[in-house]
Amino acid sequence: MDISGHPKTRTRTIFDEVDEPVWFCCVLPIWVGEEMASGWGITGNKGRCYDFWMDFSECMSHCREPKDCTLLREDYLECLHHSKEFQRRNRIYKEEQRKLRAASRKGEEAGDGTHNHH
């Protein structure tokens, strides 16, 4: 398969004996500390969780113990991952399914005993 015209391939590499093209990839830098949440979102505006991060970060820089910032940490993580929201939706879905199964079982039981013979 010849893909030498592909914009991400090089025709000559230091490994010229290898038949496969070399693919470039983008590596996103990972910063530690303040740079980790710079405030810039993917659209160029402020990120959706930046305010939560700033509140949590400020609390951590002024608190005596990390447990003092537990609620702010939970808010920040919920903004990032939506885990509590997904758990709630899952509980609602399971309850709806349970009610549907119970209604169908009740309908089957009622249908078994009522045969009309004319």
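Along the chain as shown, residues are numbered 1 onward.
Placement of Cβ uses the backbone N, Cα and C atoms for every residue, glycine included.
Remember, predicted model here, so these are calculated numbers, not experimental data.
Check Swiss-Prot against the ranges 16-26, 49-59 and you find motif 'Cx9C motif 1' recorded for 49-59.
Below 8 angstroms of C-beta separation, residues 34, 37, 39, 41, 68-69, 72-73, 75-76, 79-80 of the same chain, each at least six residues beyond the ends of the motif 'Cx9C motif 1' (49-59), sit close to that stretch.
The helix, strand and coil residue counts that DSSP assigns across the domain 'CHCH' (46-87) are 34 helix, 1 strand, 7 coil.
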